[in-house]
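Residues or ranges marked as transmembrane segment by TrEMBL: 34-56, 85-106, 127-152, 172-194, 206-224, 230-248.
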Amino acid sequence: MGDRLNTRSTRDRNQEQQGLIGHLIELRSRLLRIFLSIGLIFLPLAFFANDLYALLAMPLLAHMPQGTSMIATEVASPFLTPFKFALVLAIFLGMPVILYHFWAFIAPGLYVHERKMMLPLLAGSTALFYGGVIFAYYVVFPLIFGFFLSVVPQGVAVMTDISKYLDFVLKIFFAFGLAFEVPIVTIVLVWAGATTPEQLVAKRPYVIVGAFVLGMLFTPPDMISQTLLAIPMWLLFEIGVVLSRMVAKRQAERDTAEEEQS
């Protein structure tokens, strides 16, 4: 009897190890596919790296004084900076592929109703992040660069370094991309049972203050860029509250149906 129990426990342990190894192999395979996909996207972008950087610099160059240009303060900057931007852009454009493999990896371990919820969340978070970046490029950059260059002291020549400009705009892109994820965060919190739509509404004043604090931390120290980040965050929070009410209603209906069946 004891030998049989030992054999069964050994078999269960082996199955658990095989399952863990199988998950690790699948994770490795999906990571390799992600890196390969990003590499394939990067190759054509690298060929047009200088043109892409010129497009990125347009919001600043449009407001710079006539006859001025950006500068490179390091020897390798004219070569490395455009390629760095091309790599970041490849990752940015490859987000749907990255999220697809993430979804394919975790989907087998989810319940049916969780799968139905996760797929729209992943698609929505990608679209909102893209929306935040587009908003920053077409709305925020023209306003803040126009403001910065309009208050340049007399006798000061504006000569922006291309590497520092890239770091600056990537920070803004990332800040606005994350800020536009507010509806997804509110929906997930309600879906996970961490809060309710009513509690979110009650905390609205704190959310507004927090939006301006985040705007102060993640944007340049001027009221224009801080406000341009804080106001969309607040509006997106309100949208998230509306959507979270719909999610809470569906959860309540599903729980009621399960109770009636049981």
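Positions of Cβ are set from backbone N, Cα and C atoms, glycine also.
Automated prediction, rather than curation, is the source of TrEMBL annotations.
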Should anything in the same chain at least six residues away from the transmembrane segment (172-194) have a Cβ under 8 Å from its Cβ atoms, list it; otherwise answer none.
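Contacts with the transmembrane segment (172-194): 117, 121, 124-125, 128-133, 135-137, 140-141, 200, 211, 214, 218-219, 225, 229, 232-233, 236-237, 239-241, 243-244, 247-248, 251.
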Under 8 Å between C-beta atoms and at least six residues away from its ends: which parts of the chain pack against the transmembrane segment (127-152)?
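Non-local partners: 59-60, 62-65, 92, 95, 158, 169, 172-173, 175-181, 183-184, 220, 222, 224-225, 228-229, 232, 236.
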